[in-house]
Amino acid sequence: MAARMAPTPRSSKVVQGLTGLRNLGNTCFMNSILQCLSNTKELRDYCLQNQYLRDLNNNSRMRTALMSEFAKLIQLLWTSSPNDSVSPSEFKTQIQRYAPRFVGYNQQDAQEFLRFLLDGLHGEVNRVLVRPRANADTLDHLPDDEKSRQMWRRYQEREDSRVSDLFVGQLKSSLTCSECGYCSTAFDPFWDLSLPIPKKGYGEVTLMDCLRLFTKEDVLDGDEKPTCCRCKARTRCTKKFSIQKFPKILVLHLKRFSEARIRASKLTTFVNFPLKDLDLREFASQSCNHAVYNLYAVSNHSGTTMGGHYTAYCKSPISSEWHSFNDSRVTPMSSSHVRSSDAYLLFYELASPSSRM
C-alpha cells in the first residue's frame, strides 16, 4: 500500500503590517494617516529597505529627524506582532517640531496633517541640495504640451524626492476670456485634489460626480473677474481644471467640512467610489492612453465637526486583504464594507502601464 503523504504544513508566516497605533490623546487623525501611508507599498519599501538613508538631506530644516522617526515607525508597524500596538510619541515630537500647529492634543484635520507630513518628508529626502533661483522667464509663447513639460522640469529642478515621485501630479488651469477668446494656461503641481461634493435631490452621488464638479467650467464674473492679458482689462472669464500629469499615488479629498466662519458643518453624503478600475481619462488635459487607479486605503471621519473620530481602512500590499485600523485595534474586514459616508480621504494607486511623462 502506498505510504500516506504527510500533510502539507500550513504557512506559519504571519502577514505583517497589522499592528495598531496607540492614541496619545486625540491623535486618531495622525494614526489614520500613518496607517494609510504604511500601506503605500513603495513608500513602505523605501522605509523598510532603508533606501531613505542615502537620500537624507542634511540641509533640511529638521536635519532629517522627521524622516528618520517616520521610517522607524513604519519599520515597527511591519515587524511587530499583529496583536501589539506601537506608540507614535517620538514621531509626534518631530512632526510638532516641524509643524507647531500639531503641538498638544487637540483634534486636527487629517488632510491638513497629510499635507504637512508629506511636505516635511519630501524636504528631508529632497535630492536637490541647492535650489536654483526661480526662473521668471515667461513660457506663454509655447504650445501647452511644451509649456507643461518646461514647468514640470522647473519644478523638479527644485523639488525632487522619492516622496514627490509618488504623490505629485500636475494640474492644468485654463482661463478663457469671454471678450476676446484668449485662453491662458497655468500648470501647477498638486499633492492631492480637494473635491466638492455635489448636492443631489435624488439618486446617489458618485466619485465621478465629484470629479466632474471639480473640473466643470466655472464663470468668473463681478468681483471675481480676472485681468485678461490681451484685453488689458478685467473681463468675464471661464475657468476649467484638467489633469496634465497623473501621479503614481492619487489622494482624493472629499470636502465634507464647510469653511463657514460662524459655525462649521459636515456633509454626511454617501459618495460611491470604486475599489478598482477608476478610469480618469475623461479628466486628462491631453489624449491619455492610461489613467486607471485602484483603491488601497481610506481615511474615515465619523461624528461631527465638534466631536469626531478618525479610522483607516487599508488593503495590505502583501495579502491584498482589507483591515480596519482603529488606533490600537486592527480587525479584518470585507471589501464590501470599505465604502461608507465616513470616507474622507481616498488613496488610489495608478495601475500599470503608466501614462506619466
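Using N, Cα and C of the backbone, Cβ positions are placed for all residues, glycine too.
If you check Swiss-Prot, you get these features:
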ACT_SITE  CYS28  active site, nucleophile
ACT_SITE  HIS309  active site, proton acceptor
BINDING   CYS177, CYS180, CYS228, CYS231  Zn(2+) binding site
DOMAIN    19-351  domain 'USP'
In three-state DSSP terms, CYS28 (active site, nucleophile) is classed as helix
Name them in sequence order: residues not among CYS177, CYS180, CYS228, CYS231 whose Cβ is within 8 Å of the mean position of the Cβ atoms defining the Zn(2+) site. SER178, GLU179, GLY181, TYR182, CYS229, ARG230, ALA233, THR235, CYS237
Recorded positions near the residue listed as 'active site, nucleophile' (Cα-Cα within 10 Å), from CYS177, CYS180, HIS309: HIS309
The average per-residue pLDDT within the domain 'USP' (19-351) comes out at 94
Let me check the 10 A CB neighbour count of CYS180 (Zn(2+) binding site). How many other CB atoms are there? 12
Just the number: how many Å between the Cα atoms of CYS177 (Zn(2+) binding site) and HIS309 (active site, proton acceptor)? 45
CYS228 (Zn(2+) binding site) and HIS309 (active site, proton acceptor), Cα-Cα, nearest whole angstrom: 46
Around the Cβ of CYS28 (active site, nucleophile), other Cβ atoms found within 10 Å total 24
What count of other C-beta atoms do you get within 10 angstroms of the C-beta of CYS177 (Zn(2+) binding site), across all chains shown? 21
Relative to the Cβ of CYS228 (Zn(2+) binding site), which residues of the same chain, six or more apart in sequence, are found under 8 Å away? CYS177, GLU179, CYS180, TYR182, ARG234, THR235, CYS237
